[in-house]
Structure formats: C-alpha cells, structure tokens
Amino acid sequence: MGFLLTKMMAVFGDREHKVIVVGLDNAGKTTILYQFLTKEAVHTSPTIGSNVEQITVRNTHFLVWDIGGQENLRASWYSYYCNTEIVILVVDSTDRERLTLTKEELHRMLSHEDLQNAAVLILANKQDVKGSLTAAEISQILTLESITTHSWHVQACCALTGEGLPASLDWMKSRVVAN
Ligand code: G3D
C-alpha cells in the first residue's frame, strides 16, 4: 500500500523536494525551521549534526535538512548536496564581521556540481535587531548580482516573529513549480 501510494504520488508530481538549510552557527537556522513547522518561536540549542523535517505548503512537500554551521561541520555540508532543489542560506544580519566568511561559503557551495540545478534563498535574519543590515546591503556584500548560474532570491526576515517567512515559502513553492 505504501509503495503504491509512493508511486501514485510520483505520477501526480506530489513528491518531496529536498531543501538544505545552511549558514554559520548562530544565524538562526534552527529557529527558522521550527517557525516553519510550528509558526511559533522556540528556544533552541546549537544544531549538532543535522535535523530533517517535512514542511507542506499548499500541497507541495519539502524535506528540509537543517545542517549544523559550526566550522568543523561546514566541511561536510557537501555530503548533503545530492538532489537538493533549494538551498536556504540563513544570514545573521547583525554579524557584519562574518559576512565575508558567509560569502566565501556561498560561492564555494554554488561551484559544487551537485548543486548546479539548485535555487538559492538567502534569508537576511534578525531584522528585529536595531542596526541590522538590510537585505539590499547583504545582497551587495554577498555579491549576489554576480550569481548568474543559479536562481536566487533574498528575503528579509525575523525568525522570532516569523515575519518574512511566509513569503520565503511562497518563493520556494514557485521555484519547484517552475521546474
Ligand atoms: P543556528 O541553528 O543557526 O545555530 P539558532 O541558530 O536557531 O540556534 O539561533 C541562535 C540564536 O539566535 C538564538 O538565541 C535564537 O533565539 C536567536 N535568533 C534566531 N533568530 C532570531 C531573530 O530573528 N532575531 C533575534 N533577535 N534573535 C534570533 P539564543 O539566545 O537562544 O542563543
């Protein structure tokens, strides 16, 4: 029965789309994922290893992998790339000092062959904090305009309130529908 259901879902295009959530430690990845799931902010502890959750947006199913962002874990991000349709890069918009590192990680990631067909959603998180960089400023620092090989979108958000996250999900849905 399970097999039949899986086959039917494949035929009708109702399959899961793989999404990975990356970003430096403390960017807000776990908080965003739980906002997607519960629409409520939760208390988090640093992501150790990876968590995977299913999110459904109006009949479109995403399988979302939250990958740890500490330095030792970043080296293994590539092992999650295979079959990824969307990369969500979470940026701490208050962490000006590490944006150059984020930029390097982003461009390194996009040069990986397993991600050549993936779309990239950059979440400029922590917009509630006074003095945080705007989405436009982050876009400029990450040199997003230079990315011509991948579809990308930058979205300002606040994981604590959920502001900006519904629009992110809409963009994700539009990307997988376009493919
Ligand atoms: P990570 O999974 O990327 O490592 P977390 O990041 O989701 O664990 O979040 C790291 C810290 O940032 C948490 O604070 C979390 O509450 C906070 N945070 C996440 N998103 C936002 C946001 O939009 N605004 C603000 N102000 N804080 C946010 P603690 O204190 O638990 O370490």
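Glycine is treated like the rest: Cβ placed from N, Cα and C.
When secondary structure is read from DSSP and collapsed to three states, G23 (GTP binding site) falls in the coil class. Within 10 Å of the C-beta of G23 (GTP binding site) we count 27 further C-beta atoms, all protein chains included. Here TrEMBL flags G23, L24, D25, N26, A27, G28, K29, T30, G69, N125, K126, Q127, D128 as GTP binding site.
In the three-state DSSP scheme, T30 (Mg(2+) binding site) is classed as helix. Within 10 Å of the C-beta atom of T30 (Mg(2+) binding site) sit 22 other C-beta atoms, taking all shown protein chains into account. Residues or ranges marked as Mg(2+) binding site by TrEMBL: T30, T47.
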As a whole number of Å, the Cα atom of T30 (Mg(2+) binding site) is distant from the Cα atom of G23 (GTP binding site) by 10
Most Cβ neighbours within 10 Å, among the binding-site residues D25, A27, K29, K126, D128, goes to K29
